[in-house]
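Visitor: Not my notes, these are from TrEMBL:
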ACT_SITE  304  active site, nucleophile
BINDING   144, 253, 490, 501  Zn(2+) binding site
DOMAIN    52-493  domain 'Neutral/alkaline non-lysosomal ceramidase N-terminal'
DOMAIN    533-700  domain 'Neutral/alkaline non-lysosomal ceramidase C-terminal'
TRANSMEM  12-37  transmembrane segment
């Protein structure tokens, strides 16, 4: 018996080895199963990867950079006098070829999208593509830079500070937007979309915190801050892994450049786009390369980048009070400060903050966006919308009107005269002037807008054209689980048509600037919520075809109506030619110094009206290897500045600055200037003549 037990037994070591072998076999089986499951999932994912067609495109939409009023601060004295950075339209197309559905999203470096701009873009798209791209599936969004050219509106109010309708500015935007869509259309390829979210710190403040506090406490308790700090990033990648682009949405006003600025530029969000595109398009000049990065507008209505808050310019004390007013000088002295020593540095700081967060979210984006594409659109008469607040109460929106606090401006850009924010009573002096010049608001409009004291009853002013739109777009585009709401005013995206601000009912009651600029009355927000619920329901029920189109807006017969000075023949100083150097720079510079050269110049409007994507300047480096000059920077760079100053007797000067950044490669450089001047060939006829100039060579030395 002992012998049998001895032959059948195992030692302790053998038992351990057998158990380990069994575990290894089991683990191997599990790993193989997981491998094949993952392979199957991967194959399924590849099917998803190939579902969308994705296209991106970027095109210049800068337009004239001289004499045209800048759009945003409504300051007639703030006219363009040069260029800090070019303005671009960035287009993104997502298509589902199986269902023949497409969505187009465009973010353009402009103040806002006007109705005229949208209608002309849609006309051009229709002539090129038929019904492929139209009002239902094309969203046009402005970044809301306050440093882009104005003059592209058809409603009279916007003509006052823009000197009318400026055709070259409008045409540059229309052509740039259409071209960016063309490029995206031509470059469509199989691709994948990923979404990510994160919090951005130290980049914004609420510029109307006293209005925000009027909202119910239960509502405010839902949020950790009085501004929306969340950034949403949509990442686009080709099926082969090639990076295509991104759209970032973050709530901040592009007003780091204040109302003393005269250089056309795309402000903080444009600088973020510049940094991201330079990072991804290695070795390319600014504005070139296939990767497209848009930093689009979001719910920025009361959000300022001037993070140090409001201070009295004359005394330095805080003016963070309900009227944003100073003891001496009133509201005109109360201005917010950005984080930098000047507006240029503040622009870079905020822009870099936004860029760095977007880069982090882009790199970590792993949540894939999948699902069907859909879009819904309606034209709506916003001056006559019935809103069901509950089962027993129905209210209506109003004819457009602006309140007294509209004229006070904001801490980002103050207004004029003695207007202050928070005005719930009119001023007899200004009301009398209004009544005599423009007419008194009707009792119906006054009652509808209460407690707003009406300064301009724009909905009742129709000469020479209506002063404000009645008919606006409401639109939703859905890409799988991602929904983009295109709202025509400042609380979400500045899309399709501009109608100023939209505040809550509670914020409306205290009538700070944003409330005074809520032109359709106290129930504007409720009306939009109702309208967008209708669009969302139609998308959810696959019933968008059943939505009524609504009343289409007018396209007024205005081609060019402007108070801009006409372009006339120009002259160079005696014994000088256009492009000659008037003031030469130094012979040697170090990084962080400024190379500056002044040339015999000409009106930059000549170039904008006679050339496409014209570069006003280049920075060139000499190569000893090829014995030739090579362009290293153009006028789209944020390190260069182009200033134009008009003189007398048809003469003008151009000054080019290169703010030499840290890390610049030592070597021999020069600055070049390119322009066009008007030459008279007969009593009534001039021709446009191109010219160029160059500085002397100078040395950039090692630090």
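Just so you know, glycine gets a Cβ as well, placed from its N, Cα and C.
No curator has checked TrEMBL annotations; they are predicted automatically.
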Visitor: What's the CA to CA span in angstrom from residue 253 (Zn(2+) binding site) over to residue 304 (active site, nucleophile)?
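Guide: Roughly 5 Å, rounded to the nearest whole number.
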Visitor: So if I measure Cβ to Cβ from residue 304 (active site, nucleophile) and keep only same-chain residues at least 6 apart in sequence, which ones fall under 8 Å?
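Guide: Looking at Cβ-Cβ distances below 8 Å from residue 304 (active site, nucleophile), excluding near sequence neighbours, one finds 204, 205, 206, 207, 252, 253, 255, 336, 410, 411, 412.
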Visitor: Take the domain 'Neutral/alkaline non-lysosomal ceramidase N-terminal' (52-493) and average the pLDDT across it for me.
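Guide: Here the mean pLDDT over the domain 'Neutral/alkaline non-lysosomal ceramidase N-terminal' (52-493) amounts to 96.
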Visitor: What same-chain residues, at least 6 away in sequence, bring their CB to under 8 Å of the CB of residue 501 (Zn(2+) binding site)?
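Guide: Set apart from residue 501 (Zn(2+) binding site) by at least 6 residues yet with Cβ under 8 Å, we have 301, 489, 490, 491, 513, 514, 515, 517, 518.
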